[in-house]
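As written in TrEMBL, here are the features:
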type	residues	note
DOMAIN	7-231	domain 'Carbohydrate kinase FGGY N-terminal'
SITE	ASP11	site 'Important for activity'
BINDING	GLN72, HIS73	substrate binding site
ACT_SITE	ASP226	active site, proton acceptor
DOMAIN	242-424	domain 'Carbohydrate kinase FGGY C-terminal'
Amino acid sequence: MTELRLVAGVDCSTQATKVLVCDAETGAVVREGRAPHPDATQVDPAEWWKAWEAASNGLLDGVRAIAVGGQQHGMVLLDESGEVVHPAVLWNDTSSADATTELIAELGGPAAWAEAIGSVPVPSFTVTKLRWVRDKEAASRAAAVVLPHDWMTHRLAVDRSGIDGITTDRGDASGTGWWSPTTNDYRTDLVELAFGRELVLPRVAGPGEVVGETAFGAVIAAGTGDNAAAALGLDLQPGDVAVSLGTSGTAFARSAHPTKDASGLVAAFADATGEYLPLVCTLNAARVMSATAQLLGLDLSAFDEAAITSAGSDGLVLLPFLDGERTPDLPHSTGLVYGLTRATMQPATMARAAVEGLLCGLADAVDALRDQGVPVHRVLLLGGGARSRAVQALAPALLGAEIVLPEPAEYVALGAARQAAWALSGAATPPTWHVPLGKPEPAITVDAPAIRANYHQVLTNTRPLLSTPYNQ
Ligand SMILES: Nc1ncnc2c1ncn2[C@@H]1O[C@H](COP(=O)(O)OP(=O)(O)O)[C@@H](O)[C@H]1O
Ligand SMILES: O=C(CO)[C@@H](O)[C@H](O)COP(=O)(O)O
């Protein structure tokens with residue numbers, strides 16, 4: 001019997017670290033582990049390292065290559081010696097909302113940003129966090145700014161020293177707000193605009209590159225942002241749009257060309273193969289269901305059953321902006337329920353409205369991609385929330401596309417593992433791995449245009465209220 005060549009993929013996501021060990025040739029998962037992260041929007045990166053150690057415990061024997069996919073945008077500030085000088089400020093921390101408004105104006109408005117980096121920053125983008133931290137004490141000690149996957153990748157390297165040799169990749173660099181997909185290079189002037197001075201930025205490694213070696217003797221691949229890693233794990237093809245329901249809700253596709261959306265809906269990210277990854281991201285996805293289930297005193301399976309068996313939301317609209325929102329750009333917003341009557345104030349109707357509300361937000365995301373010329377032939381559902389039977393059943397009508405359910409798996413970690421296998425092979429392209437498809441829950445017929453129209457009407461009418469900080 002030939003010995004398996006093993007590779008590891010890591011997903012350092014918002015809620016947890018997940019590790020998959022795979023056969024480098026086929027992608028078959030042979031071992032897996034996970035460990036939770038703190039539930040906060042500012043986190044000491046040491047917590048990610050602790051979670052990695054717990055999640056990978058006992059899994060690494062024989063692993064010959066590794067790569068890290070990480071939650072995008074998080075700001076990790078390091079001093080000259082590589083020590084973290086401020087808790088990492090994550091993508092879902094909205095403290096930089098005012099800084100975002102300032103920065104957009106200072107460069108000349110949304111169109112100027114779209115011209116510079118293909119995207120209009122929202123508070124998730126690292127550049128806005130740099131402005132937010134600029135006048136704090138920790139900023140004076142900062143020598144370098146890196147992202148979660150950059151930090152983890154550097155920490156894995158056996159010969160790391162200080163901030164020397166830190167790397168990132170195009171996929172993650174494209175979410176900073178200081179990297180241009182048009183020139184394929186940094187815009188260091190935008191770091192200076194945000195922070196008032198230069199900082200050391202990680203070198204942008206190429207797809208398939210080996211950037212170091214671990215203490216356990218594995219080569220380290222470049223790693224990437226979690227959505228770019230998922231695109232690699234799914235092997236997205238033209239016409240495929242991935243819709244991920246993790247902590248964030250994302251809709252993205254691979255593209256040979258960068259987008260430039262001055263409306264700010266579609267971010268002009270890069271992928272992990274040298275191409276592009278136009279992406280729309282919401283701040284609220286799977287946790288809308290877990291929070292509603294908790295409110296209703298149901299576990300996730302009973303919540304699903306309630307949402308599926310409900311006769312319909314009957315005009316009940318839930319705007320799911322529980323943690324503020326990024327798309328639409330309403331960082332100060334809260335969730336909102338409209339249409340309560342004695343008839344609709346029922347657990348099942350509320351469960352249905354929660355699933356519909358989060359899918360309406362994602363339907364707008366898919367439409368924004370269509371508006372940028374992205375073909376949508378089929379939608380691949382992934383992330384923890386895609387395990388919801390109610391999501392699977394309602395998605396075809398609300399997203400207006402054929403729904404494909406890749407076999408439930410950790411696609412970010414799988415994509416990172418595929419990147420590791422690519423780096424290990426030294427080949428020009430990643431290895432071909434088969435993505436098995438599952439069988440989604442049968443579709444429920446609903447009046448999708450009416451549900452989406454109700455959602456938009458409530459959103460439009462309450463927008464002024466949702467734009468101001470709650471309680472003010
Ligand atoms: N059957 C289910 N129905 C709804 N939500 C689910 C289900 N299974 C898992 N989840 C949710 O998925 C989320 C985790 O998804 P994941 O993609 O791992 O997120 P992240 O990558 O942001 O850490 C959790 O909020 C969890 O409650
Ligand atoms: O900010 C974005 C994309 O722009 C998010 O998608 C983060 O990358 C976090 O993802 P999850 O924790 O939901 O996987």
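Cβ atoms are placed via backbone N, Cα and C, with glycine included.
Because TrEMBL annotations are produced automatically, they should be read as predictions rather than curated entries.
Positions of the features from TrEMBL, shown on the structure.
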| residue | record | contacts (Cβ under 8 Å, 6+ apart) |
| --- | --- | --- |
| ASP11 | site 'Important for activity' | THR17, LYS18, VAL19, GLY69, GLY70, ASP226, ALA229, GLU410, VAL412, ALA413, ALA416 |
| GLN72 | substrate binding site | TRP91, SER124, LEU147, ASP172, GLY175, GLY225, ASP226, ASN227, PHE269 |
| HIS73 | substrate binding site | LEU90, TRP91, SER124, PHE125, THR126, LYS129, LEU147, GLY175, THR176 |
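According to its DSSP assignment, ASP11 (site 'Important for activity') is in a strand.
Secondary structure at ASP226 (active site, proton acceptor), taken from DSSP and collapsed to helix, strand or coil, is helix. If you take every residue in the domain 'Carbohydrate kinase FGGY C-terminal' (242-424) and average the pLDDT, you get 97.
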